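Per TrEMBL, domain 'G-protein coupled receptors family 1 profile' is recorded for 40-289. Per TrEMBL, transmembrane segment is recorded for 22-50, 57-77, 97-119, 139-161, 193-215, 236-252, 272-291.
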Amino acid sequence: MENFNQTSTDFILLGLFPSSRIGLFLFTLIVLIFLMALFGNLSMILLIFLDTHLHTPMYFLLSQLSLMDLTYISTIVPKMAYNFLCGKKSISFIGCGIQSFFFLTIAGTEGLLLASMAYDRYVAICFPLHYPIKITRQVCVLMIIGSWIMGSINSCAHTAYALQIPYCKSRAINHFFCDVPAMLTLACMDTWIYEYTVFVSTTVFLLLPFIGIALSYGRVLHAVYRMNSADGKKKAYSTCSTHLTVVTFYYAPFVYTYLRPRSLRSPTEDKVLAVFYTILTPMFNPIIYSLRNKEVMGALRRVIHRTCSVKM
């Protein structure tokens, strides 16, 4: 068995792929997913920027979601791919801290942003006459900045704690990125206080926003049910189902992972669940929002038409 105990401060990421043909297949699949997520989110950001019909609060928030997903998957996959291709598993102490900081920042920020998007749809459907007053560009900017600031503060606290505690066991992290709970299993001190803060953070940044989203969409679906216009109902249901699909993909594995006691968690299960919110969700989000949204598809056609006209 390979010995991962080191005298240096580097950590070892045991990774996601086994050393076999199956591992090579999974690696190829993850790289393809990464490229799809990269192309999809960059295209969504560019499309919203180029088409004036999408210069609305809803799509302004959606462009931020694409930016976060782009940062999310870029924080995890390139390092994992580099280690696999080079046959290495090490990550420096500082590199691990940086990766953990960006992961936690995006995780918390995206949870709050999804709640902001739910509030935007709640006001648009339940109070359409008040929407231009309540949801302005300034309000969107404040919601986005607030989400980034709160996510960054939470991330700083968790990362600083993880970097200052003593690690006296093997430095082999049984994960494919520097996930703080996985790192703390290597600590040579009792970390029960930190586990409590993880529970609190998960509640504040994931569970409470999810409850808020559920309540908002409960009101939205009730309002949609009472609509007289069949077209209005169809459009509202399409928008709501799209957002709820994204929310479910993101929140369900995250909450299930971090709200469970350590005694009920296993490294293999944690890694499988982490694939959903770190790799699959950033790929699915632009696909879901584009294929199920006529406005986005219409904007895509307009941009392609303009591009072809300029070339001709």
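Quick reminder: no glycine exception, Cβ is built from N, Cα and C everywhere.
On a predicted model such as this, the values are computed, not experimentally measured, just so you know.
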**Prompt:** the domain 'G-protein coupled receptors family 1 profile' (40-289): mean pLDDT?
**Reply:** 87
**Distant-in-sequence neighbours of the transmembrane segment (272-291), which means Cβ under 8 A and at least six residues beyond its ends** = 16, 30, 33-34, 36-37, 40-41, 43-44, 62, 65-66, 69-70, 72-73, 76-77, 103, 107, 175-177, 179, 242, 245-246, 249-250, 252-254, 256-257, 297, 300
